[in-house]
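Visitor: Copied straight from TrEMBL:
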BINDING   ILE6, GLY7, THR8, GLY9, SER10, MET11  NADP(+) binding site
BINDING   ASN56  NADPH binding site
DOMAIN    2-97  domain 'Pyrroline-5-carboxylate reductase catalytic N-terminal'
DOMAIN    159-262  domain 'Pyrroline-5-carboxylate reductase dimerisation'
Amino acid sequence: MKIGFIGTGSMGRTLVEAFIRSGKLSPQDLYIHNRTRAKAELLASEYPGIHVAADNRELVRQTRCIFLCMKPGEFRRVLEEIRGCTTRDHIVVSITSPVMIQDLEEWLPAKIAKIIPSITHAIFSGNSLYIPGSRLTTDDQAWLKDLFSAISSPLEVDERHARIASDLASCSPAFFANMMEKMADAAVEETGIPRESAISLVTQMAQGLGRLLTEGGFTLHTLQQRVAVPGGITREGLELLEKEVSPIFHRLIQLTHNKYEEDIEKVQKALNNRVEKNVP
Ligand SMILES: NC(=O)C1=CN([C@@H]2O[C@H](COP(=O)(O)OP(=O)(O)OC[C@H]3O[C@@H](n4cnc5c(N)ncnc54)[C@H](OP(=O)(O)O)[C@@H]3O)[C@@H](O)[C@H]2O)C=CC1
Ligand SMILES: O=C(O)[C@@H]1CCC=N1
C-alpha cells in the first residue's frame, strides 16, 4: 500500500525513518510533502526511492493511507487542501491529540484514526497510542496495529485519555531528559565535577535503568527498595523526593491539560468556522 506523510518535521521524519529502517515499508512506497519543500527533499535524498509529492493533493491522489504530521494550528489549511481529493477508501491518521476524530470525520469522507507516536519509536520502542475512528473496518484496524507494531507497542486508548497517555508516552522523553540535565547541572554547581562527566554519568545510568525495568526483572518499586539500603544515603534522598517531587508532577499534568483544552478550543474554532460541512 502506498503511504503518504504530510509534514516531515521532527515526528514526520522520525516515523518515515523508523518504518524504513525497521524494514516494514520501503522508500518506494512512501510519498512525502512538507510546507518547506527542502526539508522533504533532504529526507528523500537520504532514502532514495521516496517520492516528494508536488503538493498535498498529489500526495493524497497517489496514496491510500495518509499521516497528518503537522501541528494542530496547521490542520485547517491542509484539510481545506485535501478534502476534495480524499475518498472513502483513504485511511487518514492524525498524530496529534487536540484534533478530534469527530471533526476529522466531518471534514473528510475518509476512514480516520488518531495514532500518537513517541520519539522512542526511533529505536523501535515505546507505546504508540491508538485511537480508532468510527469508519475503520476490522481489517483497517488490524493493518494499522500491525504497521505500528514494527516500530512500537501499539496501545489502544480512549480519546478522553489521549492527553494524559501522551504526556506519559510522548512528552516524557523530554521531561525526563530535562530532569537528568538539571540533576547533572546541580552536580556541577554543588561540587565542581566536570559537566561532561556529570552528563555521561546520568546518561549511562539511564540506559541501565531502562534495561533493568524492561529486561532486568525490576519494577519501579522493587528497584527503589533494592537501592535504598536501610539507614543509607539513598533512603534520605528518596524521602526528600517523596515530599518535593510529587507536587511538581501534579502541576505538570494540570499544565499540559490546560494547554490541551486551549488547543482543542482553537482547533475547533478554526475547523468549525466554515459554511459547508463534509457529507461522506
Ligand atoms: N515531536 C514529538 O515528539 C511528537 C509530536 N507529536 C505531534 O506531531 C505533530 C508534529 O510535531 P513535530 O513534528 O514535532 O512538529 P514540527 O514543527 O517539527 O513539524 C511539523 C511539520 O509540518 C509541516 N507543515 C506545516 N504545514 C504544512 C502544510 N500545509 N503542508 C505540508 N507540511 C506542513 C511543517 O513544515 P515547515 O518546515 O514549513 O515548518 C513542519 O515540517 C504535532 O501536532 C505534535 O503534537 C506527537 C507525538 C510526539
Ligand atoms: O509537544 C507537543 O505538543 C507534542 C505532543 C506530544 C509530544 N510532543
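Backbone N, Cα and C atoms are what each Cβ position is placed from, and that goes for glycine too.
All annotation found in TrEMBL is predicted automatically rather than curated by experts.
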Visitor: In DSSP terms, helix, strand or coil for GLY9 (NADP(+) binding site)?
Guide: coil
Visitor: Among all the protein chains here, how many other CB atoms are within 10 A of the CB of the residue listed as 'NADPH binding site'?
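Guide: Result for the residue listed as 'NADPH binding site': 24 neighbouring Cβ atoms inside 10 Å.
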Visitor: Give the number of CB atoms, excluding that of GLY9 (NADP(+) binding site) itself, located within 10 Å of its CB.
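Guide: A count of 15.
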Visitor: Using the alpha carbons only, what distance in Å do you get between SER10 (NADP(+) binding site) and ASN56 (NADPH binding site) once rounded?
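Guide: Per the Cα atoms, SER10 (NADP(+) binding site) and ASN56 (NADPH binding site) stand 18 Å apart.
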Visitor: Measure from the Cβ of ILE6 (NADP(+) binding site) and count the other Cβ atoms within 10 Å, all protein chains considered.
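Guide: Here the count is 26.
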Visitor: Based on Cβ atoms within 10 Å, give me the single least packed residue among the binding-site residues THR8, SER10.
Guide: SER10
Visitor: Inside 10 Å of the Cβ of MET11 (NADP(+) binding site), count up the other Cβ atoms and send me the figure.
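Guide: Neighbour count, Cβ to Cβ under the 10 Å cut-off: 22.
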Visitor: Report, in whole Å, the straight Cα-to-Cα distance of the residue listed as 'NADPH binding site' from ILE6 (NADP(+) binding site).
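Guide: ILE6 (NADP(+) binding site) and the residue listed as 'NADPH binding site' have their Cα atoms 7 Å apart.
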